[in-house]
Amino acid sequence: MSQGKIVQIIGAVVDVEFPRESVPKVYDALKVENTEITLEVQQQLGDGVVRCIALGSTDGLKRNLVAVNTGRGISVPVGAGTLGRIMDVLGRPIDEAGPVAASDSWEIHRDAPSYEDQSPATELLETGIKVIDLMCPFAKGGKVGLFGGAGVGKTVNMMELINNIAKAHSGLSVFAGVGERTREGNDFYHEMKDSNVLDKVAMVYGQMNEPPGNRLRVALTGLTMAEYFRDEKDENGKGKDVLLFVDNIYRYTLAGTEVSALLGRMPSAVGYQPTLAEEMGVLQERITSTKNGSITSIQAVYVPADDLTDPSPATTFAHLDSTVTLSRSIASLGIYPAVDPLDSTSRQMDPLVIGHEHYDTAQRVQQTLQKYKELKDIIAILGMDELSEEDKQAVSRARKIERFFSQPFHVAEVFTGSPGKYVSLKDTIRGFKAIVDGEYDHLPEQAFYMVGSIEEAVEKAKKMAEKA
């Protein structure tokens, strides 16, 4: 084990000088003696000096402290011992339940599966959320992004998806909390505990209060744990199907931005690191399904200032199979989940994959909403009376569709007081098909707001009529 000494500390970036014949490799982990701090080598500056990122606070570090090269990259515990536990970026337990009893440890920097090992995803994954199942269906083993600005419901949507999929899905889940609120991580832990699925979830947190090194690497830690479950063959020679939840992928980029300038790189557009696309690619290419097992990932993506063309969300778009875009204008109407059905996309939107009935219904819903969007300006200036009968009918149906896209969530029960609803894909298609066919033109649009299936809307309309 070669030893070096710290020669410079600037924020989260630490320079360490080693003898020239034993300079550590890039991504080697260094341990600072008599401290808990691990450094990860990022650059070799020459003359035996390496520049590192500190995984942990650099408070209390000083020059001439000894750093020991471990000779390998950061390694974290993997396997069944991680289930039900909360760990930090280095795989150390932070739930005060004793050490993690893992059989093996893997390095967090790994190659993506080779081209011939990958397998395409076509099987649909039902979420129980109407707007998602109809307009941007998820694939089992696919990658999904939840895009939204501040406060439009990314985390609540993520929690509902976890509630609906992880609880129904008998496989394993990994949750990586990257630079988000500690409170949300705590809520997630209790949510899993209360629903008795904690023994199927591994949790890795590097939240907002952590130094940038932790936030930069915690996504890789969670991913490595998920990869182990996918790749480790059981007695039948198969890996497992794993769910990977990442909240929030933007903070991973942001942590890279924070240390990029300190590492001596020139900033690129909007001040992001010049290696933005590469860093995103390295992470995203590993989140994939192989012939062995699958990783289905759901990632929340913060959109700075609601600008989807910002380099960070724009770079993320390219890697995803489905994009769920949350809109502030829809949230302002009180329609939750605030998913924009015209802006959300899915690669599964193909009649050969989802079937003709689903595809046709989704297309007709989209056309109706698009027509309403185009007519909004005319309505704002001239009012509804100036529209043709055909246009009035389209507007009426579109407003019903908009309201029918809303749905009470299980995870929001404590706030709203109304019980959550899970709607099967079959019921979702049937309900929307009936609305665009005009079967419910006689019902008031309020009846469609915050209900589950179409039968509930009919029931609600009856109650409204009785009250009136």
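Here the Cβ of each residue, glycine as well, is placed from N, Cα and C on the backbone.
Record features, source Swiss-Prot:
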- GLY148, GLY149, ALA150, GLY151, VAL152, GLY153, LYS154, THR155: ATP binding site (BINDING)
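Same-chain residues that are not part of GLY148, GLY149, ALA150, GLY151, VAL152, GLY153, LYS154, THR155 yet have a Cβ within 8 Å of the Cβ center of the ATP site turn out to be TYR302, LEU326, ALA331. Neighbour counts of Cβ atoms within 10 Å were taken for the binding-site residues GLY148, GLY149, GLY151, GLY153; the minimum is at GLY151.
Each of the binding-site residues ALA150, VAL152 was scored by the number of other CB atoms within 10 A of its CB, and the lowest score belongs to ALA150. It is LYS154 that, of the binding-site residues LYS154, THR155, has its Cβ surrounded by the most other Cβ atoms within 10 Å.
Under DSSP, GLY148 (ATP binding site) is assigned to a strand (E or B) in the three-state scheme. In the three-state DSSP classification, THR155 (ATP binding site) falls within a helix.
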